[in-house]
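S.K.: Residues or ranges marked as S-adenosyl-L-methionine binding site by Swiss-Prot: LEU84, GLY112, ALA113, GLU114, LYS115, VAL116.
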Amino acid sequence: MHGENEVVVLRLGHRPGRDNRMTTHVGLTARALGADRVSIAGAASDSKATIEDITDRFGGPFEVELTTEPRALVRDWAGTVVHLTMYGQRIQDVEADIREAHASGPVLIVVGAEKVPFDVYEQADYNVGVTNQPHSEVAGLAVFLDRLFEGRQLDREWENADRRVVPKETGKRVEPVDEE
């Protein structure tokens, strides 16, 4: 999140045609809930374009990149690596340690699509489970980011937005942002 050590989400194992919507939602969730960047492994140019379009319209900063070497990103990461998996340690048991690690350096969050190679489990500093039950990787990422930032990301100011959502009790309203 802007003003803190970098948080990057790595979408590992994107399968074209099968994972387009889910990969897009991983990126949009990362953006909305405080990450600085998403790196997508695989041929996901449609997801990249959609996430960039939302960032252009609703603000950032947020970066999207495609990578052909995701395992090198994990291996060479100069910070804490967190792998979200239902088999990991309970989030409530490790979240304070991860927040402490984030206070002193960047965090890479690995979110798998297909079966994650075992070396990712071994290279991760933390394998973290959100409920240790099968569910959506998007839900796991959202809960993890909220726990990492302790809700601070919900009050974030969006830079360079063309439009903004106006909160309403009922109905919906999106309005242009006036540059002053």
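Don't overthink the numbers, they just go from 1 along the chain as shown.
Every residue, even glycine, has its Cβ placed from backbone N, Cα and C.
Predicted, not measured: the structure shown is a model, and the values here were computed from it.
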S.K.: Only counting partners 6 or more residues apart, tell me which same-chain residues put their Cβ under 8 Å from the Cβ of GLU114 (S-adenosyl-L-methionine binding site).
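M.R.: Long-range Cβ contacts: GLY13, ARG15.
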S.K.: Take the Cβ of LEU84 (S-adenosyl-L-methionine binding site) and count every other Cβ within 10 Å, whichever protein chain it belongs to.
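M.R.: The Cβ of LEU84 (S-adenosyl-L-methionine binding site) has 23 Cβ neighbours within 10 Å.
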S.K.: Can you list the residues of the same chain, besides LEU84, GLY112, ALA113, GLU114, LYS115, VAL116, whose Cβ falls within 8 Å of the S-adenosyl-L-methionine site's Cβ centroid?
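M.R.: The surrounding set, listed in chain order, is LEU12, GLY13, THR85, VAL111, GLU137.
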S.K.: Near LYS115 (S-adenosyl-L-methionine binding site), which residues of its own chain have a C-beta under 8 A away, given they sit six or more steps off in sequence?
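M.R.: Residues satisfying the criterion: GLY13.
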